[in-house]
């Protein structure tokens with residue numbers, strides 16, 4: 001007698017295996033990107049997790065960012081007819097403000113990293129970041145952090161090299177070997193300082209961009225048939241993270257704003273009061289450093305404005321969602337009472353509403369989805385909840 005063995009369906013297991021591999025690959029990509037970011041921060045002295053790392057970080061900063069350029073400026077001052085090619089008061093003031101903005105960036109960012117750790121500081125840990133849902137977006141934003149630094153550091157580095165090379169050519173008061181050594185020392189010190197400064201601004205931009213991902217996803221939550229309390233809880237969570245970001249970066253932003261403003265005022269007065277002829281050689285450092293400081297400030301302001309725009313836009317999104325649910329229910333009620341005209345549009349006006357977020361704030365338009373059938377059926381019981389939800393968002 002033949003025995004019939006039960007047949008097993010392997011279709012579900014075969015479909016789950018690629019999903020598991022894909023999930024592991026996404027997790028590996030995110031971990032790799034975060035490791036690259038943390039390695040970069042460690043190289044420039046931001047990751048001060050131990051006493052030894054603190055000593056090495058600040059020793060490197062004092063040597064490369066302050067002592068080396070100060071010695072080079074002192075060394076370059078021993079020449080005849082230097083006013084045409086170098087004004088020592090300009091060089092010293094540029095060094096002072098350049099060191100101040102780099103110090104503020106290093107102190108504030110290293111303190112937060114030491115206190116919270118890299119993942120928690122960036123809000124990409126498992127308790128804050130919803131890793132499984134936003135891994136790809138996180139990787140793209142981290143790559144954007146490096147692109148942002150390269151985009152701004154490289155042009156300024158080229159300008160700095162050209163300026164120093166021109167000064168070496170027109171003021172060869174040392175041997176060519178000494179002149180090249182001085183040029184390399186000044187360029188390395190300057191690149192280190194501005195990278196530390198711009199890295200702090202770019203990190204603030206990165207943290208804000210991570211939260212922008214969550215605010216853009218918040219509109220998509222309205223596609224789901226969830227209880228109003230879940231929408232409110234999610235919004236409370238997002239605003240709580242915004243308050244944390246504001247608290248962590250408030251001192252950094254205020255101090256950078258004050259120092260950059262003071263440096264611009266000093267630059268204006270120094271250049272207007274100087275009685276000698278100014279040119280791009282003796283006054284070039286003022287121009288380059290002023291542009292770098294303003295760029296860092298603009299990066300921070302742009303990030304703050306972007307996340308503020310997204311946060312304030314949730315009230316508008318909720319109001320549109322509430323009005324669409326209400327109007328769609330009224331249209332459906334009219335169709336059910338006997339009016340057949342335009343029933344397809346009343347029941348499913350999905351072609352009118354969609355979600356489309358652009359990278360540019362000027363092009364970004366917030367749309368909300370049409371409510372589901374369950375939301376329409378429970379309209380009378382949820383109307384006041386939606387109304388209170390909209391009022392809550394508008395008063396944030």
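Placed from the backbone N, Cα and C atoms, the Cβ positions cover glycine too.
As recorded in TrEMBL:
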{"type": "TRANSMEM", "residues": "49-72", "note": "transmembrane segment"}
{"type": "TRANSMEM", "residues": "92-113", "note": "transmembrane segment"}
{"type": "TRANSMEM", "residues": "144-162", "note": "transmembrane segment"}
{"type": "TRANSMEM", "residues": "182-207", "note": "transmembrane segment"}
{"type": "TRANSMEM", "residues": "251-274", "note": "transmembrane segment"}
{"type": "TRANSMEM", "residues": "286-305", "note": "transmembrane segment"}
Stretch in 49-72, 182-207, 286-305 most in contact with the transmembrane segment (92-113), if contact is a CB pair under 8 A: 182-207
Highest-contact recorded stretch vs the transmembrane segment (49-72), from 144-162, 182-207, 251-274, 286-305, CB pairs under 8 Å: 182-207
Folded-back contacts onto the transmembrane segment (286-305), same chain, C-beta under 8 angstroms, at least six residues removed: 90, 93-94, 97-98, 101, 148, 152, 156, 159-160, 163, 194, 197-198, 200-202, 204-205, 207-209, 253, 256-257, 259-260, 263-264, 267, 270-271, 280, 361
